[in-house]
Amino acid sequence: MPVGGLLPLFSSPAGGSLGGGLGGGLGGGGRKGSGPAALRLTEKFVLLLVFSAFITLCFGAIFFLPDSSKLLSGVLFHSSPALQPAADHKPGPGARAEDAAEGRARRREEGAPGDPAAAVEDNLARIRENHERALREAKETLQKLPEEIQRDILLEKEKVAQDQLRDKAPFRGLPPVDFVPPIGVENREPADAAIREKRAKIKEMMKHAWNNYKGYAWGLNELKPISKEGHSSSLFGNIKGATIVDALDTLFIMEMKNEFEEAKSWIEENLDFNVNAEISVFEVNIRFVGGLLSAYYLSGEEIFRKKAVELGVKLLPAFHTPSGIPWALLNMKSGIGRNWPWASGGSSILAEFGTLHLEFMHLSHLSGNPIFAEKVMNIRTVLNKLEKPQGLYPNYLNPNSGQWGQHHVSVGGLGDSFYEYLLKAWLMSGKTDLEAKKMYFDAVQAIETHLIRKSSSGLTYIAEWKGGLLEHKMGHLTCFAGGMFALGADGAPEGLAQHYLELGAEIARTCHESYNRTFMKLGPEAFRFDGGVEAIATRQNEKYYILRPEVIETYMYMWRLTHDPKYRKWAWEAVEALESHCRVNGGYSGLRDVYLLHESYDDVQQSFFLAETLKYLYLIFSDDDLLPLEHWIFNTEAHLLPILPTDKKEVELKEE
Ligand SMILES: *[C@@H]1O[C@H](CO)[C@@H](O)[C@H](O)[C@H]1NC(C)=O
């Protein structure tokens, strides 16, 4: 489901393709935050300078140690050697006063007694000189370009990150773990011939998508099915093979054994994380870490565990922020992180840092190292300390201050999978993580009060909340919430189980309407409930469909939990629409406008089409004992994670 709040920003129907440069692809959308990061850094640097001048002065005055000021300014200006005090007395601009001061100091250190009055005068002169030097250095630093200052700061950050990575040496060897054979992967043919046939059709779709990827884009991230060549999204930096890793578990459950083996060999030989380019921590976690973990739990092949943990270690430097809330972007080679330039005041995004929990808990389990779990539990601690406006979680949180950014709330892009992961953290813990359960139901209650509305013709929808004002728009991404409400119904507070199941059904109906009201019978990226329309996209840049899974995901949960045949009917409508409008010779393509009579292709076969859309469709036409929901948690990219074995003590502790 929610493949990140970010995808909408990357995929304009005009531009067509996803990605294309982290900077370049980010335009549009009106989501740009405040000014460039460099300016904010400059301000911080100036503050630091004023502070350092003050400290220099104090040290000089109190300790009579001229060297201490040198030490301090050495620390503060470490990365700009030109500005360092000339410690070795090399003649240079501005070094003379300092030489003189040091000369005096050295004499005293040598034991020359001197009279008290002269000593005081001496010190006053030194303080004055130190003060002047601090001012001079401040002035010189201010003349540096913001880019230079930023580069200096980045260099320092890189150093810190690398030091911290070196501390992680124990990861070189993985402890042996007993592989627990997966439950519910025996793939029986459905008894009903019509259902069997439909399921076989979906497997054929997977073959078509896979074979074309293999033929035209093997080893690259994604396929361009019209151009018949590879497509690379900047979300993955230079990591390759997104489609291969994303498709692994779908190949496995569809019993496409040869394809699974060729995917495994590619991963053994080619999957490399030592890339010198920025990646999206969120996207790499849900697709690559999730895909590898899932493949491991299904097949028991050690290579997947090894690669998953290796990648997890590479992501750890993203957490090196003052609050421990991770950066959105990370250079995996240098370990340097930063946030999206458009995100409110340098904030991290709720749906991104809030969608690491499930995978990181499993990384700790499979590596025997608690560090991954600690990182994500700290995120929860930070969130729990913060005041929530009306009980809602804003989409933006500043990793430096640990405070909220703009008060925008969404169950769609930027917020979505945070809520999903609270519910699934509770389920994945064998229902022992009661904190996650409480956070989930508290959040859902606030969402119902403030965001969920009914249209005049009775369609329930989830609006967006902008500082107290509602925007009556629902994204395709938000459609996953129907399945989430239904999945959580079982654990709902006293008497609310039926209510949440019905709420899930209502969201499913609304999202089906958004599909049915288009010409292509596939839903738009976002649809509105204002200006006299209901469940229809009114803006040109919201009319595209990029093979997204969220509506089908909700059908899958609703089918499993209610067995109402309409969900199979709706799922089949989607299959027919995909076959009529998205299938091309070279694979499956997204559409630029689902209201047009003729297809305008975006020429991208998203990796999540294989990971999610086709997997959920296949499950809808399979028996319930294939991947039973009591035993498996789907991560937000539909990758499979088993319930974590629970520590009995923990259970008892929490139940007391
Ligand atoms: C879907 O749309 C068709 C017209 O295109 C209409 O006849 C049908 O009633 C709609 N179905 C639902 C469930 O709204």
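Any Cβ shown, glycine's included, is placed from N, Cα and C.
For reference, TrEMBL has these:
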- Glu283: active site, proton donor (ACT_SITE)
- Asp416: active site (ACT_SITE)
- Glu525: active site, proton donor (ACT_SITE)
- Glu550: active site (ACT_SITE)
- 87-111: compositional bias 'Basic and acidic residues' (COMPBIAS)
- 84-122: region 'Disordered' (REGION)
- 45-65: transmembrane segment (TRANSMEM)
Among Asp416, Glu525, Glu550, which are recorded as active-site residues, the nearest neighbour of Glu283 (active site, proton donor) by Cα: Asp416
Three-class DSSP secondary structure - Glu550 (active site): helix
Residue among the active-site residues Glu283, Asp416, Glu525 whose Cβ has the most other Cβ atoms within 10 Å: Asp416
Pairwise CA distance, Glu550 (active site) versus Glu525 (active site, proton donor), rounded so that it is a whole Å: 11
Secondary structure at Glu283 (active site, proton donor), reduced by DSSP to three states: helix
Reduced DSSP assignment, Glu525 (active site, proton donor): coil
Surrounding CB atoms that lie within 10 Å of the CB of Glu550 (active site), all protein chains: 26
